[in-house]
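Presented below is the structure to which this report refers.
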Amino acid sequence: MASQNHPPDQTTPGVTDRYARPLQDLRISLTDRCNFRCTYCMPRELFGSEHLFLPRRELLDFEEIERLARIAAGLGVTKLRLTGGEPLLRRDIDVLIARLAAIDGIDDICLTTNGSLLTEQRARELKAAGVNRVTLSLDAIDDDVFKAINDVGYPASKVLTAIDNAKAAGLTPVKVNCVIQRGVNEDQILPMAEYFRHSDVVLRFIEFMDVGTSNGWRMEEVVPAREIVETIRTRHAISRLPANVPGETANRWVYDDGAGEIGIIASVSQPFCGGCTRARLSAIGELYTCLFGVHGRDLRTPLRSGASDDELRALLSGIWAARDDRYSEQRGEETANRRGDADGKVEMSYIGG
Ligand code: SAM
Ligand code: SF4
Ligand code: SF4
């Protein structure tokens, strides 16, 4: 199978899937709720006041999340990413983080957030609880463009403050995710690049992906990585760097003049399924082995009906061992004839980005 990155590290103990990819990262969605309505993720027409979000009792509680994370760690997971929805909406998240940080084998805890709740104090509390790094999402530097994307009138300037708060708290290196959509914000590529030069923040441009079914994705709206690189090169010389770690999602680039690094996540134009070591746990305890999954495997029922750790471990490792997902590569192979089963794919806000 083609891969733009190094093959997975075969020396890691634990479970591997049908393409010999080890299970190393677990992305945990803490909630399906969000205080933004980004037009490409939770469009207002579908996530309006009548939308039924999950009731609290449906969500995995902290004990259940910790238990699954511990079992996953025993199977080779070393990295956890907390996401959503908006993860900082989950009450007492610090308590959960402290429990996750204490798990043997977990050496990296990251959080992806829209930054709206990341005050100076919150950033310090997250660091103290055990978060190593945060990724903030910011799709435009221009307030008007950003407000139109998040659709709740939230200004970019406030996310920039949250980024500073994260840096001050030592949640570093801070990364910034910027999803580029043609006709929406491709004019923000250069201003965003300009703002984050010499900042120690790693800006990552992300190709707009066909996750879920609610964002009306069309290939024409994808600005491919090549075009993003060309745009940056109209103003600055940049060179490609080798991957930091096997299975890294972003192509790494560096400014030749020493102004820092940028990443490009080319999931559509250069799929990286070959190095994909990620599983995703939805807020209600379904395990997805691919971002483009249609059905997750229910772990909450066995959790709540008395399954032992050994039984849960066998379940999890069986799911991973049977995994043969390579959706993005298949999409690339079949662009002329998009997969019929694409409808019904789970939403990004539901299983977490
Ligand atoms: N609410 C948090 C945030 O926005 O950072 C965490 C959850 S959000 C689903 C995680 C990331 O997924 C964000 O950076 C968002 O921009 C990205 N994302 C959502 N839909 C996407 C899509 N269709 N294509 C590419 N990235 C997407
Ligand atoms: Fe919320 Fe993040 Fe989705 Fe925007 S991208 S709607 S902030 S979950
Ligand atoms: Fe991993 Fe699925 Fe994305 Fe491929 S399409 S990189 S298998 S999540």
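Note: Cβ is positioned from N, Cα and C throughout, glycine not excepted.
For the ranges 3-29, 327-353, the feature annotated in TrEMBL as region 'Disordered' maps to 327-353. Of the residues Arg67, Arg81, Arg240, Arg313, TrEMBL places Arg81 in the same GTP site as Arg27, Thr112, Lys175, Arg278, Ala279, Arg280.
The annotation in TrEMBL ties Gly85, Ser137, Met209 to S-adenosyl-L-methionine, and of the candidates under consideration, Tyr40, Tyr195, the one tied to the same site is Tyr40. Comparing C-alpha positions, Cys41 ([4Fe-4S] cluster 1 binding site) sits nearest to Gly85 among the binding-site residues Arg27, Gly85, Cys276, Ala279. The Cα of Gly85 (S-adenosyl-L-methionine binding site) lies closest to that of Arg27, out of the binding-site residues Arg27, Arg278, Ala279. The two recorded residues, Arg27 (GTP binding site) and Ser137 (S-adenosyl-L-methionine binding site), show a Cα separation of 16 Å. Taking a C-beta cut-off of under 8 Å and a sequence gap of six or more, Met209 (S-adenosyl-L-methionine binding site) has these contacts in its own chain: Trp217, Ser267, Val268, Leu291, Met348.
In terms of Cα spacing, the binding-site residues Cys38, Ser137, Cys290 that come within 10 Å of Lys175 (GTP binding site) are Ser137. When the binding-site residues Arg81, Cys273, Cys276, Arg280 are checked against ligand 1, none has a Cβ within less than 6 Å of one of its atoms.
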